[in-house]
Amino acid sequence: MAAKEIRFSDDARQRMMKGVNTLANAVKATLGPRGRNAVLDKSFGAPTVTKDGVSVAKEIELEDKFENMGAQMLKEVSSQTSDIAGDGTTTATVLAQAILREGMKAVAAGMNPMDLKRGIDKGVSAATKYLADELSKPCETDTSIAQVGSISANSDESVGRIIADAMQKVGKEGVITVEEGSGLENELDVVEGMQFDRGYLSPYFINNQQSMKAELEDAFILLHDKKISNIRDLLPLLENVAKANKPLLIISEDIEGEALATLVVNSIRGIVKVAAVKAPGFGDRRKAMLQDIAVLTGGTVISEEVGLSLEKATLDDLGQAKKVDVSKEETTIVGGAGRHDDIMARVEQIRAQIEESTSEYDKEKLQERVAKLAGGVAVIKVGATSEIEMKEKKARVEDALHATRAAVEEGIVPGGGTALLRAQASLDGLEYANHDQEVGINIVRRAMEEPLRQIVYNAGGDGAVVVNEVRNGEGNYGYNAQSGEYGDLVEMGILDPTKVTRTALQNAASVAALMITTEVMVADLPKDDDAGAGGGMGDMGGMGGMGGMGGMM
């Protein structure tokens, strides 16, 4: 086992603090509407330009082991905040640095770190409660949704508007994804109804030559979880569908040989207008998705597991939809005939699975299923003039989307660092057990001014002057760093999601308090390779040079 280097008390904390400051100073330059960009070198391709705090933090590794430990712990603050709220990573970093800086001073002055931590925890708990109960307002109108999106995308109003449009079209539950577009402008592509990535099994099912799709109006939908290879199983049902004079979409594990050929012939001759596709997904997920389609269309999955067979299936077992489009690669079902209550019950059931799931991949797939049942899918295609700009813009749009979802979930507070300044009121009159805990509470009070100070500093102003001016106002009164004016921030459209502000404060305090209570740090001793090589060759006299050459090869 390699020898270790051990640092104690003040020496350890100072080294850790140096690493924290290095990372925080790099990240906080990006805060606010007038924050600057960071350029990140990549091992291949063009450098990345970003104004996203967590992207900057993730790139930073320091040479000194002890400084690096501090930087890595601070990095955890921004990545945790990003994972939970999707935004607010720079704010969280600024808060953590401020709590740590003030905390280190208190520890150096001889105060008990554990009592400081208890005081910090009390202060944060009171402040987050105040944010949620007193300051937060619901975010329901399209205007406020657009404003939150704009602020998070660095005051880009077009991004805010397109996110608000997407939410309006697919509902708050719908899935909104962000992709790289091919044009210069941002575009919104909305798919209504249920869409899955399986196309027709034979091009002979196409009935619209222009769009190259099989289009079925007012169609029956047969759902089967096994392969269909024998047409005799299907004949009774096909005859009934032909009598009803409606088209039919068959979704099954597969259709092969004679069965597929017979369906194609019937379709070409116009006896039954039919299209067939494979069921989406694999294994258990396939069964679940077939069940989703059944609920959406008011049909039943014909499955031997529940004692149903194809030859005994009737028209009552079939689902119905107003319109079905089947292209080469995907199928869209619009206007399913399922009962609204059944669909909502199914959605709740899937939501319960999301809560229990531990895998991010599973959660994403379950969330997609909710969207397909409850709303639809919207794709925001980001436009830009160059690849570097495209990457930067796409990251901003994704941030804005996360922030908007957070706002819809927990509401909004006035932005620009004002909400945290107002939440200082919650720290007045808090009970504490001793003087050290009181200092802990005051550390939180001082730190809550820091995001506003930093926003003003990045805009070229004097933080202390602005903080005093905003503190003398009340409610939504704050500072607009973009225009340099004071006023009602909600009216100006400067809003932050409550969840983002709350998460930033909680995560910052959690990690900063851990660092304050650190007394010892242990790291591997740096390996001195050169000294080792030189020492080994010392006895070889004239051959030393050769030995050195050997080492070089």
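Glycine residues also receive a Cβ, built from the backbone N, Cα and C atoms like all the rest.
According to Swiss-Prot, the protein has these features:
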- THR30, LEU31, GLY32, PRO33, LYS51, ASP87, GLY88, THR89, THR90, THR91, GLY416, ASP496: ATP binding site (BINDING)
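All chains included, 26 other C-beta atoms sit within 10 angstroms of the C-beta of GLY32 (ATP binding site). Annotation for THR30 (ATP binding site): same-chain Cβ neighbours under 8 Å, separated by at least 6 residues, are ARG36, ASN37, ALA38, THR50, LYS51, ASP52, GLY53, VAL56, THR90. Of all residue pairs in THR30, LEU31, GLY32, PRO33, LYS51, ASP87, GLY88, THR89, THR90, THR91, GLY416, ASP496, the annotated binders of ATP, the farthest apart have Cα atoms separated by 17 Å. Secondary structure from DSSP puts THR90 (ATP binding site) in a helix. Within the same chain, residues at least 6 positions away in sequence whose Cβ sits under 8 Å from that of GLY416 (ATP binding site) are GLY32, LEU452, ILE455, GLY478, TYR479, ASN480, ALA481, LEU489, ILE494, ASP496.
Close to GLY88 (ATP binding site) in the fold, though at least 6 residues off in sequence, lie THR81, ALA403, ASP496, PRO497, VAL500, THR501, THR503, ALA504, each with a CB less than 8 Å from its CB.
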